């Protein structure tokens with residue numbers, strides 16, 4: 001079954017193009033941010049220089065590349081509902097939950113491997129852009145390796161979130177819109193909340209991702225790396241669990 005899911009994932013025409021676009025956006029985004037900061041750094045105040053995080057900067061391009069991973073997760077199952085192939089899949093493997101779990105395993109493994117490779121390349125290229133002002137760091141420096149690994153984990157969580165939403169909504173445009181809202185709209189809304197209702201600003205998915213790739217101590221109630229990891233796991237698992245509960249109760 002896992003081999004079948006791997007074959008179906010590769011057969012989605014947009015998968016390699018989407019991954020290539022994500023790779024280019026992430027790497028170039030990090031490089032442009034690094035070279036831009038290197039140019040402006042001499043004019044910064046002492047406070048800004050002390051707060052500068054050369055590792056976190058490397059992943060500026062993920063702000064846009066992350067959507068591609070969510071879309072791949074959605075397409076892994078919504079494309080089957082769109083074409084009607086899901087009925088054949090369930091006819092061959094009547095245990096629907098097993099099918100969804102198989103998709104999650106294959107997709108999660110692919111996303112983790114590609115996400116970690118992307119994160120490593122993005123980090124290395126961005127550090128080259130900081131070398132001119134001697135602010136580049138290596139993987140052996142404080143928390144750099146954890147941040148690189150955390151970026152890959154975050155992208156994997158986004159991919160599984162997309163799979164879960166795709167299985168629940170069963171419509172590509174609707175599920176992609178939900179991903180867009182969670183990744184881009186929710187953080188903007190949460191950032192403008194004030195007072196006691198402001199707690200969601202530190203519990204959205206982007207804040208969790210930032211916690212994983214930051215190497216400076218969290219500020220203003222921002223989650224720690226451990227808390228960020230737990231938030232990412234929740235965002236990945238909750239939709240999948242809900243999809244597993246619903247998949248046997250709905251017509252294909």
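Yeah, the Cβs are placed from backbone N, Cα and C, and that goes for glycine too.
A TrEMBL annotation is a machine prediction, not a hand-curated record.
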Annotated transmembrane segment segment (source TrEMBL; candidates 22-43, 176-197): 176-197
Recorded stretch that, among 104-128, 148-169, 176-197, 227-247, has the most CB pairs under 8 Å to the transmembrane segment (62-83): 148-169
Ranked first among 104-128, 148-169, 176-197 for CB pairs under 8 angstroms with the transmembrane segment (227-247): 148-169
Same-chain residues at least 6 beyond the ends of the transmembrane segment (176-197) whose Cβ lies under 8 Å from its Cβ atoms: 66-67, 70-71, 73-74, 158, 161-162, 165, 169, 203-207, 235
